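What TrEMBL records for G86, R149, G150, G174, D175, G176, T177 is ATP binding site. The feature substrate binding site is assigned by TrEMBL to T203, V204, D205, M248, G249, R250, E304, Y362, M363, I364, R365. What TrEMBL records for 79-385 is domain 'Phosphofructokinase'. If you look up TrEMBL, you'll see G176 marked as site 'Important for substrate specificity'.
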Amino acid sequence: MADATSIKDLPSLTGLHQRRNPLEENPFFHPSHGFYITPSDVVLSQVVYDLSDASQPHVAYHRAGPRREILYEPSSVKAAIVTCGGLCPGMNTVIRELVVGLWELYGVREIYGIPAGYRGFYSMEAVELNPKLVHNWHKKGGTVLATSRGGFDLCKIVDAIQQNGYNQVYIIGGDGTMRGAVKIFDEVSRRKLEVGITGIPKTVDNDVGIIDRSFGFQTAVEMAQEAISAAHVEAESAVNGIGLVKLMGRSTGHIALHATLSSRDVDCCLIPEMGFYLEGKGGLFEFLEQRLKDHGHAVLVVAEGAGQEMIPRTESQKQERDESGNLVFLDVGVWLKSALKEWWEREHPKELFTVKYIDPTYMIRAVPANATDNLYCTLLAHSSIHGVMAGYTGFVSGPINGNYAYIPLEEVAQTKNEVNTSDPKWAWVRSVTNQPDFETNFKG
């Protein structure tokens, strides 16, 4: 397999000199055989193969972790940390662990937080960070540094990096932020600046590709279950009651899928990757009517990006974009609640019917990370630090098949992690909910 394996190249800084890793003298570490990662240590992108197909390519990434030699003199490092985009559980943990890791592992003393996202580079004063200041940040939701969407002015950002003397930049954000990080890396490279650029993928939707999952996702699923439980109680306590829960997921339905599987109280799960229809044989209304007839209540979970093409829009709404350039979605939950009420009044006039709509979006994304995500955030932060100190740049750290690796930034920025509706996991959802296969029914 080794001869057929293609290892993804990582950009490296070239104008710095190698030096011994200070972890050798760190009182908390006792480097032994196998402690340091070598250039030949890799992580395979795929671990399941068909041995009968010899033509299958074997793609590998450099394994994340400390190197025996580094390229930065810690006393000369001036690091910048920025959080961009929407909130996500674990953002403060990543900031904290970057600061503590740089300070305690490598002896870096100049660490700055950039407020308010990308625009903070050129419009606001940076905040000097140290372990004492960030000590309890992991217990807080949101981001203490503040964040924002938009504000990406490439020349102003790179000018600020250059003028302030930052030679390491840690960028925390989602897919749009990663695309911006690629442009920053390209411009830094064009100017021949010896600046390490790394991205730490943050998206509560879990839509960043290649890596196993993005931080905050497991916390989001855990919190989503609480909303589903409340919807189930409301539905069960009413005559012909429907509990309707809208969960995050613009282009992917991972939160809705995993919360449905974890809850077991959901009767129908609607995600962006799978179309559905309301009226007619095999449609949502027919399914819900039978469910109410059999059990007296139903719980419906819908991802925010599902059914957007079915919601009536004005011409201005068709053109409306947010500060990140994304199409502004209409509220599928509000639309679905209205459609359900209209259907019942039409088909069952004067019969009792209740729809309780719960939108826990801001409750989910604003909470602190749970124990699993907190640990994950630490490993992401430390992996990023080790990579930058070793001289790598233009990369993202993340787990691939359970092992942490360094992935070219551009590759992550261009890859989406969508729900595969042909995968057994989606079949599992349908077996748990007993919902119809809307697409097959529609085509039929």
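Cβ atoms are placed via backbone N, Cα and C, with glycine included.
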For E304 (substrate binding site), which of the binding-site residues G86, R149, G150 has the nearest Cα in space?
G86
Spatial neighbour of R365 (substrate binding site) that is closest, considering only the binding-site residues R149, G150, G176 and their CA atoms:
R149
Binding-site residues listed as G176, G249, least Cβ neighbours within 10 Å:
G176
Those binding-site residues, out of G86, R149, G150, G174, that come within 10 angstroms of T203 (substrate binding site) at the Cα:
G86, G174
So how many other Cβ atoms are close to E304 (substrate binding site), meaning within 10 Å of its Cβ?
24
Arithmetic mean of per-residue pLDDT over the domain 'Phosphofructokinase' (79-385):
95
D205 (substrate binding site) and G176 (ATP binding site), distance between Cα atoms, whole Å:
13
Between D175 (ATP binding site) and D205 (substrate binding site), find the distance joining the two CA atoms and give it rounded to the nearest Å.
11
Residues that sit under 8 angstroms from G86 (ATP binding site) by C-beta distance, when 6+ apart in the chain:
T147, R149, G174, V204, R365
Any idea what the Cα distance is from D205 (substrate binding site) over to G150 (ATP binding site), rounded to a whole Å?
19
